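Asker: Got a structure for you, written out below as structure tokens; questions coming shortly.
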């Protein structure tokens, strides 16, 4: 979605990325971007792209949560197309193992170091029970106390609590820091792919 293609909603003649399996019921905040875009359009019509709004909002969110700041270069153009198929096939699922993650990121030109750095974004955010249920009931490389605490909000039976949320970073979910990585060392990765 760096070209804002993920913001393109489905219409009668167009299918976007919002309802692709990895995104459905997961991505939020579209209304926030719409509100920012509306306000900017009132001040300077057809000047600021949604893609630039997303980039600046990402930076500002990180800063607001205690993380670093950086200069955001502007001038992105919004996409006029989106691909459900690419979203379904190219976004790594939460059950991928290391080999599949390295391949998926490598196919996009990212190194292992890049992949690890990008996964650090999981220091903020949440995941639905459906994405970690199998891990907390069936995997052994998870802290037992942590798994037990997650089970209280994510019942074993599919269809119950599927959309219940848990923080990707259990120790500081509202702070942009390195606790996500520390959690992994203690086997407290929420997703199989994270651990």
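Just so it is clear, glycine is given a Cβ too, placed from its N, Cα and C backbone atoms.
Pulled these features from TrEMBL for this protein:
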type: BINDING; residues: 1, 3, 5, 17; note: Ca(2+) 1 binding site
type: DOMAIN; residues: 1-195; note: domain 'Plant heme peroxidase family profile'
type: BINDING; residues: 92; note: substrate binding site
type: BINDING; residues: 122; note: heme b binding site
type: BINDING; residues: 123, 169, 177; note: Ca(2+) 2 binding site
type: DISULFID; residues: 129-154; note: disulfide bond
Asker: Can you check how the pLDDT averages out over the domain 'Plant heme peroxidase family profile' (1-195)?
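Answerer: Per the prediction, mean pLDDT sits at 94 for the domain 'Plant heme peroxidase family profile' (1-195).
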Asker: Write down the Cα-Cα distance for residue 17 (Ca(2+) 1 binding site) and residue 154 (disulfide bond), rounded and given in Å.
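Answerer: Rounded to the nearest whole number, the Cα-Cα distance is 27 Å.
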Asker: Which of 5, 123 has the fewest nearby Cβ atoms, counting only those within 10 Å, among these binding-site residues?
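Answerer: If we count Cβ atoms within 10 Å for the binding-site residues 5, 123, the smallest count is at 5.
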Asker: Using all protein chains in view, find how many other C-beta atoms are within 10 Å of the C-beta of residue 129 (disulfide bond).
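Answerer: Excluding its own Cβ, the number within 10 Å is 20.
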Asker: At a 10 Å cut-off from the C-beta of residue 92 (substrate binding site), count the other C-beta atoms across all protein chains.
Answerer: 16
Asker: Please list, in sequence order, every residue of the chain apart from 123, 169, 177 whose Cβ lies within 8 Å of the Cβ centroid of the Ca(2+) 2 site.
Answerer: 120, 122, 124, 171, 172, 173, 175, 176, 178, 179, 180
Asker: Closest to residue 17 (Ca(2+) 1 binding site): which of the recorded positions 123, 129, 169, going by Cα position?
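Answerer: Smallest Cα separation from residue 17 (Ca(2+) 1 binding site) among 123, 129, 169: 129.
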Asker: State the Cα to Cα distance, in Å, between residue 5 (Ca(2+) 1 binding site) and residue 92 (substrate binding site), rounded to an integer.
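Answerer: It is 18 Å, counting Cα to Cα.
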Asker: How many whole Å apart are the CA atoms of residue 129 (disulfide bond) and residue 123 (Ca(2+) 2 binding site)?
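Answerer: Distance between the two Cα atoms comes out at 18 Å.
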Asker: Please report how many Å separate the Cα atom of residue 122 (heme b binding site) from that of residue 169 (Ca(2+) 2 binding site), as a whole number.
Answerer: 7
Asker: Using the alpha carbons only, what distance in Å do you get between residue 3 (Ca(2+) 1 binding site) and the residue listed as 'substrate binding site' once rounded?
Answerer: 19
